[in-house]
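In what follows, a single structure is set out as structure tokens and then discussed.
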Amino acid sequence: MQTLPNAPQTASTLDSHPIETAIRRRKTRPVKVGNITIGGGYPVVVQSMINEDTMDVEGSVAAIRRLHEIGCEIVRVTVPSLSHAKTLGDIKQRLIDTYQDVPLVADVHHNGMKIALEVAKHVDKVRINPGLYVFEKPKADGGEYTQAEFDQIGDKIRATLEPLVVSLREQGKAMRIGVNHGSLAERMLFTYGDTPEGMVESALEFIKICESLDFRNIVISLKASRVPVMIAAYRLMVRRMDQLGMDYPLHLGVTEAGDGEYGRIKSTAGIGTLLADGIGDTIRVSLTEAPEKEIPVCYSILQALGLRKTMVEYVACPSCGRTLFNLEEVLHRVREATQHLTGLDIAVMGCIVNGPGEMADADYGYVGKQPGYISLYRGREEIKKVPESQGVEELIDLIKADGRWIDP
Ligand code: SF4
């Protein structure tokens, strides 16, 4: 079950203006995707995508379940053909029969009208890419589009999109208008170039068609593989939506982020920067690794920004010449013993010179006191000095005595 996040906190003031230490999220409309809500002040939703062939029902069901069990709240599947779209009906049913009803999104690409219409019967949200939804032949003369040509294509898009919008509206389902920097429509490229403006106008064109059909269960994404482009596109989208009185939630992601440490840092740089501005209602970290690897990254970004709390928050000093014990080893032991106590903040600090002051209001502190001894803290209060060899056990006893321990 999702719960509403805490109200923003204020920690200090400067010239009588309160300085907020919690992120104030941009107000967006709630969009329901199965039993999950994106936007509307609900916690930022974590999603990922399976890479099984959707024709493989058992393999897809198992992959969706694996992701859902580790916290992926919405799972995306790709639907390259009409048979794939029909098979999703079996996948959805099999999930309900053998596990539970997992919110599913179908990714529809090239010329996907028939596919989208079929898949809309079986999933909770359909993702379309405006750049690929209606095929536009590149202009033979390479010249500019006249207004008449522009409008003609606009009419074709409208005619193609309308049945899908009506179907989703009637079923109370959602749509993601998912623009990709790398696949902008030809005429958007001619008019705006390969720019954030082109991405934003491309999304707006589709949003306006949806609104004219009284459909507003829309989530928007503007992904790019270059982080500055992605950040600029989302910021511009927010500005344009504010001007137009739109409040659609945003799905954040950096495409083709790669793998390993750099893939994670790149995703965090893009997604984290926007989240820190209060922008973003659902995230996907795209790694060139098993999708299960993406979920912990999503949660770490959200936890680091104070947007969701899904694990113990450890505060630990980097250690220095004053450190009185092997900090890396002790942090490891403390983590092993306490990592199931979700919700707690625990600090491990090398010395009492700076440690207690820098524990950032942790619930408990383990601080080097003098050679061979550490001190345990509850908040800012020093509770007891114990031999270092008993430090971790004593910390557990203190948490138990406070009634905040649960067995792993
Ligand atoms: S808390 Fe103490 S040991 Fe840790 S880095 Fe700061 S001064 Fe060094």
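Cβ atoms here come from the backbone N, Cα and C positions, even for glycine.
So that you can see what the record holds, here are the features copied from TrEMBL:
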- Cys317, Cys320, Cys351, Glu358: [4Fe-4S] cluster binding site (BINDING)
- 28-299: domain 'IspG TIM-barrel' (DOMAIN)
- 313-400: domain 'IspG C-terminal' (DOMAIN)
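All features noted in TrEMBL, drawn onto the structure.
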residue : record                        : Cβ within 10 Å
Cys317  : [4Fe-4S] cluster binding site : 20
Cys320  : [4Fe-4S] cluster binding site : 11
Cys351  : [4Fe-4S] cluster binding site : 21
Glu358  : [4Fe-4S] cluster binding site : 14
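Secondary structure of the domain 'IspG C-terminal' (313-400), assigned with DSSP and counted as helix (H, G, I), strand (E, B) and coil, comes to 28 helix, 29 strand, 31 coil.
Over the domain 'IspG TIM-barrel' (28-299) the predicted model carries a mean pLDDT of 93. Surrounding the centroid of the Cβ atoms of Cys317, Cys320, Cys351, Glu358, where the record places [4Fe-4S] cluster, the chain contributes additional residues within 8 Å, namely Pro318, Ser319, Arg322, Thr323, Met349, Gly350, Val353, Asn354, Gly355.
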